[in-house]
Each structure stands twice: as C-alpha cells, then as structure tokens.
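These notes concern the structure reproduced below.
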C-alpha cells in the first residue's frame, strides 16, 4: 500500500474514534438528564445551507465589453440577456422516446406529479419544451429551498431519479437535445459521435436508432468516441441503460481518428455529431465560476483543435451525409469562424443546411456575419490587419470574418444560436453541414468541378502520417467472438435449453476472455462484429453491445444451468428465446415484484401449470405480462431464476417501482413494498453468508 493509502486509513480511523467518543458523550449526558447539545448553539444540521455559488460575483467587465461590441443581442435585449445568465438553470428532462413505456411514463408524470402542482401559487408550473417531438421533454424550476418546502416537488424529484436509473428518463440540458434532433437519424444510419462523453447526446442518438421497437437489432450503428479514457467509462454507464447491441465506444483523439475498415473499404458515416470541446461560456448559468475565469484566451487556444476535429469529421462523412457542429460557447471564434474556415477549405464539397425551421417552437437567431476579436490587452480588433504583431500568434487570420464577397457565398445565417433569455435555457450554437453527393447533384458545372479538384485532393486524410495518441491506461481485454466449434458445441446445449430460434445469429455472440469460460456473454449487431474483427488491432475499443448471458457458477462452466439470462438483453431474448416462458396474471406480477423469493404455491394456478410444463432443470425463465393503459399495450418482461420451489426475479428496485406504478399501486404502498423487500434481501444475504 502506498503513502496515500496509509493516509486514508489513518484518517478513517481518526474519524471512527471521534464518532465513537461523541456517541459515548451524548449517551452519558442523556443518562445524566443533560441536553446533548447547547440550546443556544446551533448544530451543523440546524445551520442554513450555504450554496458555494452564492458568493460568486457574477460580473466580468471584459466579457460584457466583448459581446456588447459585436452586437450579439440587440441593445433593448441586453439587460434581459445579462440578467438571464446570472440566474440558475432550470432542471430539464426528456422521456426516452423509443419505447412504448415512454408514453405511459409521460402520462404517469402528468397525472401523478404535474397535476398536484397546478393548484400551487408558489411553485412555477412545469413547462413543456414545445419544440421537442412527442411532448416528451419538460422544464422545471426546482431550487433547493422549494424542494425542501414542497412534498410534491420532492416526490417528483425522487421519481425522476428512479426513472433515470431505469432508463425511462434522461436528465439533460434543453439546448443539448438540439443536435441529435436536427440530424434526422434513421435506423439504418451509420453514425459517429466524435466527442461523446459524458453521453447524453449519444444516448439520444441511440434512442433515435431504435425508433422501431419491433426490431431490437437495427441495421445501423453508433460509434461513440472520446479522447479521455476515464470519461469513456462514464459514457459506458450512460448508454448501457438503453440496452442496445448497436453501439461501440472507442478511445481516440478525434482530430486524428483512424479510418475504420469495413467490408470493401473504409467506413463513411451517414451522420456525424461533432460537439467539440469549447470555452463553455454558454453554460454560465450552471457553471457560475466561469464568471471570474472567463477571458478571450480560452477561445484562442481551443479554435485550432475544434477546427481539426471538425475537419476530420467532414473527411469521414459519406456523400449526402449530415454532420452537425455544435458548441456551448457564444464566442464566434469557436463558432462562425470555424464554420467559415470549413466551408472555404472544403469548397464545393459541403454546404450549410438551413435549420431555423427544423424545430418549430424553438426560438433562435441566425449565425453572425460579422464579429470582432478581443485581445488580452482588452483592445477590440475588427480585422487581422488591426492586430499588433506581438498578438498575431494568438489572434490568427482565420478567427476573423472573411471578406464580404466570400461571406455572401457561405450563408452563415443558416447556422442557429440559442440565447438564454429567449426560452430560459443555456446558450448554444449549431451548424448543420451536408456533404454534396456529386453523383446526384448535377448543378455543378464542369468548370466548377475542375476548380474544386485541388482542394479535394489536399484534404484527403493521410493516415500514415497521423499522430495517433495511445491512452496510458490498462489494456482492454480483447473481444472474442464465437467460432464454429463454440456454436456447434458449447452454444448448442444452451440453444436447446432456451429454445433459441435457428435464425438467431450466434456468431455475433462474444466474450472478453474465452467463449467457454467467460463470465459474461455479449451480443452485437453484424456490422459491429465486422468492424471489431477488422479493426481491433488498430482501434482501442472500450465497450460495445448488450449483455445476454451471465455465468453464475464458474466451477461448472460446461453446464447449461450455470448461465442465467441477463435483464440487459431482454429485448433480444424475448424475440429469439421461445422456451422457459411464463405468462403471468396481474396478481402473480404483484407478488413477484413484492418479494425477493416467491414460492410456487403462492402463485396462480395458471402459473403453476406452466411451471409443470417446463423441465425440472433449475435456471432462468422469462416472465411476461401485458398492461393495457390509455390505448397502449405496455409489455412488462423480466428475467427470473427458477429454483427448486421458488422464483427469484432479477429486477432492480427502480424497475419494480415503475412496474408497480403501472399497475395503479399508490406511491405510499410502493414505498412500503420496497422497504420490506430491502429487509428481506438483507436477511437472505445474511443467511447465505452465515451458511
């Protein structure tokens, strides 16, 4: 153990000793009839909470000077703009939109949580984000003081937290939802997210890919990349909740992302999300410490990497494909200047798409056509010629607006900006590029095509000369796909046990160790299998696919009963696995969800008859129940373990709460059920440990 570990141990021991001494003193005072605390002295719990951000002075003269000089907002809106930036950001969430459960969740939120707030005169009413499809995104003003004083808001907060864990809800800033929506993603698209962590937009993209719920394995896929190894694991946690076999997470520098080999050549992506690292002054409402840190140097240092990442994105984009470039910065050096440079570099190969009307109800302003640059000396420059020589290494020519004749051809007004005072959001910038498919676009003349050959050739990515950065972290275990011998041997017995349909693509199963002894067995789409197989020696894959089976007994790894079904892969399991299925009645569902273990004798006669028709082998079973609610047929499907005389459901507490609420069980009863379940689980675990 290192020095840091010893220090942590000592600190822990000191804290434990102090806690014991305090408890003994309080007990002694209580026995002597003395108060345990001085009534004239407040304890830490009695003191009002202090928000660390309240002491921050939300002012920055240089910030105000810069944005006022370029007329970012009209003069009559400036005070409202500045005032909005100093207010806390509202809470926003969206309901995961590719499941039937989504509309049931939304109905539940309206009826049980929004409706009680309607009669309140002190609480702001929930606001629908009218530009988000399906009425599935909402905005709430939830300050800590209001949360503490309102039981209704506290219940709503707890519900949102639980459903986030279940995967039904995503907590996401409103403006962050815009880029995936303007990409118009379809289930067959090949998609790249270049700077994906922490993953809220990636999750939204995966939801769009799975919009057809009847097909759990769409032909499209998502490659989510991030340069930070640790943030890649945050990304894993975010997207794993969506239970998709069509995503892979990789760890590379986005500006030097290698070509991915695929079938007859390299992948060209149909859709690319290029949400680049930025100075982030559009997030002042949720990061107030930026007020004192803001300076123009941040944009100067970031623009080059933003431009390199976006350039690599255009190179990887398929003809006819769309790439969105977005930042949470208001600085045109990071926005219009980058877009302008891309359009000039790839002249005739890309164009801007007008997205001002793509999301009706979203209030935006057009991209800027003129802007200035402010130096660290606080001087403002309208052109590169005005920049002193000692500043020209920082304020470079491509940071300024191009000449008017070039500017008119670029159509920067097709970009959109979202400002905080318009709809109570953060600030955001979005530009949508389309790569011109010259086989379909006959509008280009021969002369234009000839003049565009040189820049096209200059912008071919030279992979041999690229500086690929390898992350300095532990090596990832390889992805090992089932071979013919595994499918005919090891998998054959499993397939017969669960009645797996012959059409199931068993060659898309994989492990991270070896197919006959790995603890987890995963499933990926055929496209991802091919990508991994062809690129595993040159791309750092972090995670992919959906877990289908989990080994419960490593000592007996050849036994079919040593593998249990994973709830994570339930959509695929439900489609292809035909044996060991139990159709529940509602009373059975309520009993199973209320207990850690349920005896067969406590279930309905119908379920007991189905159990008798299943082989006596211990192992996983698939439990099914359909709820009809509000013209929706809502399937509830979960995995249970069939013991000798009882069932054990593998369902999380958050999922149990959701399923119980769908059965119209009131919240107080649900909480009592979960509390008793927790005690039951602890008792069972203690018995297991003692044995």
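Placed from the backbone N, Cα and C atoms, the Cβ positions cover glycine too.
According to TrEMBL, the protein carries these features:
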- 22-51: region 'Disordered' (REGION)
- 28-45: compositional bias 'Polar residues' (COMPBIAS)
- 81-436: domain 'SAM-dependent MTase RsmB/NOP-type' (DOMAIN)
- 195, 196, 197, 198, 199, 200, 201, 226, 253, 275: S-adenosyl-L-methionine binding site (BINDING)
- 328: active site, nucleophile (ACT_SITE)
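Shown on the structure are the features that TrEMBL records.
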residue	record	contacts (Cβ under 8 Å, 6+ apart)
195	S-adenosyl-L-methionine binding site	225, 226, 227, 254, 274, 275, 276, 277, 309
197	S-adenosyl-L-methionine binding site	226, 228, 231, 232, 234, 235
199	S-adenosyl-L-methionine binding site	224, 234, 235, 237, 238, 239
201	S-adenosyl-L-methionine binding site	176, 177, 179, 180, 193, 273, 275
328	active site, nucleophile	175, 176, 278, 280, 282, 283, 426, 427, 428, 429
All-chain count of other Cβ atoms within 10 Å of residue 253 (S-adenosyl-L-methionine binding site): 20
Recorded S-adenosyl-L-methionine binding residues, 195, 196, 197, 198, 199, 200, 201, 226, 253, 275 - maximal Cα separation rounded to whole Å: 20
